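Peer 1: First the structure, which I've put down as structure tokens, then a few questions once you've had a look.
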Amino acid sequence: MYNHPQNMVVRSDPNIPRISEDSNEYLARQSSFSTMGGNSFVDDVPKMSAEMSPMMMSPWNQVSPFAKSPWSQQSDDSGQLSSLVGSLVREEGHIYSLATKGDLLYTGSDSKNIRVWKDLKEFSGFKSASGLVKAIVIAGGKIFTGHQDGKIRVWKVSPKNPSIHKRSGSLPTLKDLFKASIKPSNYVEVKRHRSSLWIKHSDAISSLSMNAEQGLLYSSSWDRTFKVWRICDSKCLESVAAHEDAVNSVVTGSEGMVFTGSADGTVKVWRREMQGKVTKHFCVQTLLKQECAVTALAVDPTGSIVYCGSSDGMVNFWERDKNLAHGGVLRGHKLAVLCLAARARLVFSGSADKTICVWRRDGTIHTCLSVLTGHSGPVKCLAVEDDNEAKGQRYIIYSGSLDKSVKVWNVADQEAMHMMQQQQVMEVNSASESLRSDRSYQ
């Protein structure tokens, strides 16, 4: 066990957040297994990986007037890199989880409701008896929600009415729980003088991640394990005792790789392999060992970069092409990084300091393009979608916060747009040259 001061950030989210309007303090729920922490502040001057960042000088690093409005919309005709499109406020609880599917946005909070939004308006909603919704994943026509009570609930959309969502089951199923409870060997010790069935989590679900190709769902928990579920029959295939403290995040990568981050300060790499007639996950590498808690993980869409956010405000990353060698550190936040998302060459980090940093990757150098400000509480979750209605590489960013709101942003990859414009100019010039050449022979 580790002995550290009792007032440091440990987990990726609080049980009951205490946020002062006069300070940037963010006190997270202490771990029931051990208390890990670290310095919540980094350098006063944010940096790029390996060099200085213009982040604080960014013209987009301004508090938006839309932050005070419960409902607001703004058109983005200015060509800016980043702009606030609108805010979704229901005033029923802190936002802990987000997921998108097409033009629908699902939000989970510490109320009993999961809300569905469409075009910045409430489209539907459904209730869960458990309260706090800590994770949402959508796959194969099903919605999976992970909860504070350690259960994963499964929902389906009504084929007759897309606004109606019905609960279709839970993981593990009642049938599997009954079968497993008969055998004493299915019970494992989860705490001193307390045992539980290995097929169910004994503490809060912290994150969910889907491997759609293999039809597997991964769940991480504060009970120090991650579990593997087969979607087609809702079976728990494996429970992995992964860390010495709460597992705050699990993400799947390419070629069957899985990454876990924990309050014990480590990031581990797991690979699914055959052992005799059984397929199991084996720890093949430990990427990070540090004093402060690991609070968030993300893998870029190509599976080539792994990002890790910590309670000290740092974002570390590793490169797959170099056998997961450490690539550098992104220094953009003063408080814990609570969520990460990656899309194309852009990386988004949300923090307890109430901001979202937008980073662009060029090789191993990450430049902070802009800082999205406007939330009045810690940014707890992020979701990214392509902006199909915009020209060039633009993205819609959803950010959920403990200020009880979801904000919608429009972000552009300016460099990619510039390269696209150059390509178009070259194509036009080439066509013109070809046309002139043809005419010269007439």
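Here the Cβ of each residue, glycine as well, is placed from N, Cα and C on the backbone.
It should be emphasised that the depicted structure is a prediction, and the values quoted were computed from it without experimental measurement.
Per TrEMBL, the features are:
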| type | residues | note |
| --- | --- | --- |
| REPEAT | 198-239 | repeat 'WD' |
| REPEAT | 240-270 | repeat 'WD' |
| REPEAT | 287-319 | repeat 'WD' |
| REPEAT | 330-359 | repeat 'WD' |
| REPEAT | 372-419 | repeat 'WD' |
Peer 1: By DSSP assignment, list the helix, strand and coil residue numbers for the repeat 'WD' (287-319), in that order.
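Peer 2: Looking at the repeat 'WD' (287-319) with DSSP, the answer is 0 helix, 21 strand, 12 coil.
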Peer 1: Run through the repeat 'WD' (240-270) and tell me, per DSSP, how many residues are helix, strand and coil.
Peer 2: 0 helix, 19 strand, 12 coil
Peer 1: Grab the same-chain neighbours of the repeat 'WD' (198-239) for me: Cβ-Cβ under 8 Å, and only residues 6 or more beyond its ends, written as numbers and ranges.
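Peer 2: Cβ under 8 Å, 6 or more out: 11-13, 31-33, 132, 134-137, 139-140, 142, 144, 146-152, 154, 169, 171-173, 176-177, 180, 186-188, 190-191, 245-252, 256, 258, 260, 262, 279-281.
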Peer 1: Can you work out the mean pLDDT of the predicted model over the repeat 'WD' (240-270)?
Peer 2: 96
Peer 1: Per DSSP, what is the residue count of the repeat 'WD' (198-239) in each of helix, strand and coil?
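Peer 2: Its residues fall into 0 helix, 24 strand, 18 coil.
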